[in-house]
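To start, the structure itself, in structure tokens.
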Ligand code: NAP
């Protein structure tokens, strides 16, 4: 059985995380600083202390529409008035209309000034030090005016991070930009800022492009941080990462060689270990990744462009050698090529995307990636759970592990991104960010009964979970999927699921249709207590886990019902994206 090494290391990871936080403060600064400097060009020197909005809780946090809310506190999407879709908003931002009331001027906003703009008709908010006028966006916001007004006149960075951390607000709200906050530095950070901001452009402070000196922090007694080493031969450079924990079979490495920059991220449960260099010499654009799962070792092999001895591997870039929670790591994008599109149902396609030659991505089970594309000049980003090519591939596919990603995408005719994706020709490029996600395999530890409640494309995270559970978690005695769809033609991978049922004694699927044809002999309706009562058995000496994924309303109902049946929080996992 695979262990994601984690349970026993969890506390140490937290400890590592805390000891990392001071170092992180400096590196977060440098990212925010570089974003803002790119955004504002030669603006007057900005202070960083109040921009350090490190998300304080798990993403999506409580209250997020991505997360199931407690009963009666759900975040409902409002019905937008006609002419107020995302596409309409994009059109408005391109129309040249003055959306800030400042006729294109950018100003410096004091806290007192920000507070004054707190009405629907005059609603300013600050996100990561930048101030936006949200009044024009009010009627376009899917969460509604009331939710947006929570941000009126204040720094709403934390609110924003709770709900929409992955949304590209810089692009969405660029025409609403009022200016930047004029902030007072805190003495502690000012001291550090003075130390690291040594370069000046046009007399203005510029953020450092390379990693600032790490603040000294005592190492925890037991050092569970991964570490790395490198060595070279005449023609190769080899980097070895010791994760200090077993690596699940799906792997954990995300490698991106772009130009001469090599970024290596190890996704280890809730933690992320990052190595990031500007290499000292050129290499060919193919990276070979070998994983020794049981010993927790990942070896990268790069081929030198010129056979010469390297005196050093390269120069450290931002966040190099940091070990932090995945949720605190920024998204990294790479351009992928659309290799194929296969129909799964009448409205759902399986996309196969090929990573660039210098990239390898081993997406952990249950995690999602982000597709980003420009719709009329505005970046639109959506999460999609990675799946395998089939429910249970007969053997390892011929493609090199980690070089392709499969995504199952339902095309919504009135959607913004999916019709665009559906119309992309083979060979087109798509920007893929991530992976991200909250599932760690330790939730499966000792589980004997795995239950999955999935609706529509909410099946996608279950697909790899089923395979993993069947192949590697022998302790699981029973795994049951209750799969909710509208009509029979909407059922994803129906024949593969049915085939698996006949082959695997441990696996069972029950289909439930909300709009069945008269000929349907199976279950009908929406999720209810009666259905679950029989489905979620709890035999003696069992350890159960219930996984839920689907539309927000479905998920909310499912979670309430599962809780009513006395399943604890530890026995429940909700997939969110
Ligand atoms: P869908 O076809 O609209 O609905 C599937 C089934 O769920 C239908 O039977 C539907 O019944 C039922 N349902 C919908 N809302 C319900 C509610 N409030 N209460 C009870 N049953 C309800 O689903 P879809 O279009 O494929 O959407 C799938 C959703 O899953 C998307 O929202 C997607 O974002 C989400 N998803 C999340 C993740 C993740 O978080 N990792 C991954 C994949 C997908 P009715 O016909 O009665 O509506």
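Using N, Cα and C of the backbone, Cβ positions are placed for all residues, glycine too.
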- As TrEMBL has it, region 'Disordered' corresponds, among 156-187, 188-219, 220-251, to residues 188-219
- Message: Averaged over the domain 'Cytochrome b5 heme-binding' (106-182), what pLDDT does the predicted model reach?
- Response: 87
- Item | Number of helical, extended and coil residues in the domain 'CS' (223-314), per DSSP | 0 helix, 55 strand, 37 coil
- Message: DSSP-wise, what's the residue breakdown of the domain 'FAD-binding FR-type' (331-442) into helix, strand and coil?
- Response: 7 helix, 54 strand, 51 coil
